[in-house]
Each structure stands twice: as C-alpha cells, then as structure tokens.
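The structure appears right after this line, and notes come after that.
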Amino acid sequence: MSTSTRNLSKLKKAARIILVGPPGCGKGTQSGRLLDHFKLTPISSGDLLRENVRNRTPLGIQAETVMRSGGLVQDSLMVKLIVGELSKRGWVETRGNLTSGICLTGPLSVIGGPITPRASDSPTASFLLDGFPRTKNQAQSLDSEVAMNLVVNLDVPRDVILDRIANRLVHEPSGRVYNMTWNKPKNPGVDDVTGEPLTRRPDDCPETFTKRLKAYAEATQPLLEHYDKAGVLWTVSGSTSDEITPQLDAEILKRFG
C-alpha cells in the first residue's frame, strides 16, 4: 500500500488546513505533498475568484466591477466565495442561497451570541485553503463562517530562504522552478520540458527579498497571534522541505488520524 493510501485511510475526521509561511519557504512544495499524502482538496481563493468572474455569477460580476475600478475585492466577498464552494460540496451547512448557488454569509445569532455554521467532520471533507486569509481581519471574517482546525506556520531560517532565492531560476510560462544548488535543470539555463530559456524574477535579489521578508513578518504576526489564541496554530521548523514534511505528516495524523 502506498504512503498516500495509508495516510488517507488513517484520517478519521475532517482536516481544514491553512499553510502560512514567508516567500521562499517552500510552501508550494509542502502544499503539493499534503495534497498527495492525504488526498486533501485544494481550495484556492484566487481560482474561485477567477472562476466566478469567468462564469458571470452574481458574486463574480460584483468582484469584476471592483477590480475594473482598481479596487481590492472585499474580504466579505472572498469569504462568500469560499463558503459557497464548501457549501456546494456539502462541507458546511447552508443558510439560504443566492441564485448563483453561493451561500449567504454574515453572523448568525442566537440567544447568547453569534454562532459559526457547522462544518462536516467527515474525512472526505478535508481541504487545504490557499491564498486566504492573509490578515487578522480576513481570518476573523472567515472564522464567522467556517472553523479552520489547523494553521501551519512554516518556520525556515532567513539565511536559508535568501540562499534559495539567490540560486532560483524559473520558467515563466509554466511556473516551473529550479535551484542551482539542489534542483538544477538538466541543461544549464533552459527548461527541462520545453528547452526554453530560464530567467530570474526581477525581485529575486537579496536586497529586495530581505525587504519582502520584513514586510511579510510585520503583516503576518497579527494573523499568527489570532490563530494561536484560537488554539489551532502549529509551527514546524526546518531548513529543507524534506525536514519539514515528516513532521507535518505526523502532526496531521496525530490530530486527525
């Protein structure tokens, strides 16, 4: 039996996971491994937004209007998109639908205060949320609709991240990423699949990336503190993806297996 099948069979309840980490920490690698090892469903806020705009749903039209005017899509609208997707899959309870099939959101109140809609606890309702939330306010908006039960903070040393960035090459059309120290292209300077030239991203220089890491830390600390107080934050440390993955797999099995 494969590792992914063994892990999937051991999940006994729904895992609703968010990965948080600075640029260059390997979040994409860990996301891919989690999806493979545990057969989680990827829920991407960016993909949901583009899909709703493309399909001309009521929320998509609303979002497109905001974006065309140069504005940022409101947190409440993004939450509606996410909860709507989960609702269509039967993973959160609905409370009245829009004509698009997107679930209405907003605080539900009973005597004693607001309540959060009940989420399915079936292991088949496990998902990895990507792209949202990025701030404490966004997390609070999401909390009112669905209770995430594991937020993973990827802790990778800054010098390791800067070394990765200094040696990173990308194939822009496909998004494939290479590293000159541990994931070299087969032929120098060209993509393994297409043979097209590899390039460096404009902001992949130590000075620029150091500023990005500082800005990330300042913006993300309130988010981490929020989830820590909620009791769902877990930090994993390592210098390589292969150091982090076994720890992450073990934690998920401990919590949801």
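Glycine too: its Cβ is placed from the backbone N, Cα and C atoms.
Annotated in TrEMBL:
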BINDING   Gly24, Cys25, Gly26, Lys27, Gly28, Thr29, Arg168, Val177, Tyr178, Ser241  GTP binding site
BINDING   Ser45, Arg50, Gly71, Leu72, Val73, Gly131, Phe132, Pro133, Arg134, Gln138, Arg201, Arg212  AMP binding site
DOMAIN    168-203  domain 'Adenylate kinase active site lid'
REGION    44-73  region 'NMPbind'
REGION    167-204  region 'LID'
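Working note on the binding-site residues Gly26, Gly28, Gly71: by count of other C-beta atoms within 10 Å of each C-beta, Gly26 ranks first. In this structure, the CA atom of Ser45 (AMP binding site) is 15 Å away from the CA atom of Gly28 (GTP binding site). Just so you know, the Cβ of Arg168 (GTP binding site) picks up 19 other Cβ atoms within 10 Å once every protein chain is counted.
Counting in whole angstrom, Gly71 (AMP binding site) lies 27 from Gly28 (GTP binding site) by their C-alpha atoms. Arg134 (AMP binding site): 15 other CB atoms within 10 A of its CB, across all protein chains. Listed in sequence order, the binding-site residues near Arg168 (GTP binding site) (C-alpha within 10 Å of its C-alpha) are Arg201, out of Val73, Phe132, Arg134, Arg201. Of Gly26, Gly28, Tyr178, all annotated as binding-site residues, the residue with the shortest Cα distance to Phe132 (AMP binding site) is Gly28.
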